[in-house]
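Working notes, structure below.
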Amino acid sequence: MLLDMDLGVLLPSLIPSSQSVYVLVFYFVYLAVAGEILPGKVIRGVLLSDGSQLRYRCNGLLALTLLVAILGLCAKLGIVSPLVVADRGLELLSTTFIFCVLVTLALYITGRSSSDKSSSLKPHVSGNLVHDWWFGLQLNPQFMSIDLKFFFVRAGMMGWLLINLSILEKSVQDGSLSQSMILYQIFCALYILDYFVHEEYMTSTWDIIAERLGFMLVFGDLLWIPFTFSIQGWWLLYNKVELTVPAIVANCLVFLIGYMVFRGANKQKHIFKKNPKTPIWGKPPVVVGGKLLASGYWGIARHCNYLGDLMLALSFSLPCGISSPVPYFYPTYLLILLIWRERRDEVRCAEKYKEIWAEYLRVVPWRILPYVY
């Protein structure tokens, strides 16, 4: 879509409107209220360095289901158009970007003025303004008792599904609905719904337990996830792709294998952190130095979950065929990101675990893909 626009059309479509602001305000207010009042399993986060543990109410699936039902009813009654996102995608993108900048500036100012000594709120100031704004100063900043890091990643994942549903409705109304669009929509919907079914696993991920909240995470959660992960849907809206039966079967296999590896690896890690003695694949876990899991998927590669994530990303793009590199932006970006993140993780782990890490490298020599990398 962007490639077909000239600047005279593109630039005005990026200017935020009052309607795009209203959409974002409604969305964030709904998520804040729903997150606080809807029932859900309350999970204790990992033990922080000062001995504290945050609590997370994992009611994302209920909040998402209720939101889709509310929007569906409003669309039926003519209160809101189901095409509001598909028709105003660029407006919403620019509005979200401005929001990300404002939020991270507020986080920077709040962090710099904080004298809190807790692990969650203690500011980590390097003295480099750009570095501190980009990576953040505080681990778990809150607003009105809402954990912002958990809130933003939830908003991004739900936003991805809402954008896809609006694109789907537009393709139905335009008469351009294809097998490729259906396949893409099913894969993404299953992935997103699975995320919220297992939302508690998010509480033990690196982003939640180690990364401070700065522009990198806020932008990544609120803008990058929903607007770039849906590029394939936008592309299919304007490009017809017919898939053969073997291509559909192969695409489904890539998705299923990727899901099995991704979900299985993350589940094993989460369970191990909760109870290190829980059997994995029916056997007692192999633990290096009493700290590092080397069983199951984590005995195959040190970042086996990344392999599953990459296969899932590829499965979202394969319905678009191979006529253009545009739909493959997401898996290409994810490959670069995960290799960069894997390198960062390994440097930190080497510093943290020292001799134990050296032994772990001997036991599990492969980084992501066995016998390749």
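Yeah, the Cβs are placed from backbone N, Cα and C, and that goes for glycine too.
A TrEMBL annotation is a machine prediction, not a hand-curated record.
Long-range Cβ contacts of the transmembrane segment (20-39) within its own chain (Cβ-Cβ under 8 Å, at least 6 residues beyond either end) map to 57, 59-60, 62-63, 66-67, 84-85, 88, 91-92, 94-96, 99, 144-146, 151, 154-155, 158-159. What TrEMBL records for 20-39 (among others) is transmembrane segment.
Remote same-chain partners of the transmembrane segment (60-80), defined as residues 6 or more beyond its termini with a Cβ less than 8 Å from a stretch Cβ, comprise 30-31, 34-35, 38-40, 154, 157-158, 161-162, 165, 193, 195-197, 199. If you look up TrEMBL, you'll see 60-80 (among others) marked as transmembrane segment.
Summarising the annotation, TrEMBL assigns transmembrane segment to 92-110 (among others).
Residues 27-28, 31-32, 35, 60, 63-64, 67-68, 71, 82-86, 89, 177, 181, 185, 188-189, 192, 195-196, 199, 202, 207, 213, 217-218, 220-227, 229-230, 233-234, 237 of the same chain, all 6+ positions outside the transmembrane segment (151-168), place their C-beta atoms under 8 angstroms from a C-beta of that stretch. Taken from TrEMBL, the feature transmembrane segment covers 151-168 (among others).
Marked as transmembrane segment by TrEMBL: 180-197 (among others).
Under the heading transmembrane segment, TrEMBL lists 217-237 (among others). Cβ atoms under 8 Å from those of the transmembrane segment (217-237) belong to residues 1, 86, 89, 93, 96-97, 99-100, 103-104, 107, 136, 149, 152-153, 155-157, 159-160, 162-164, 167-168, 170-171, 174, 176, 178, 180-181, 184-185, 188, 207, 211, 316-317, 319-320, 324, 326-327, 329-330, 333 of the same chain, restricted to positions at least 6 beyond its ends.
Annotation source TrEMBL lists transmembrane segment at 243-262 (among others).
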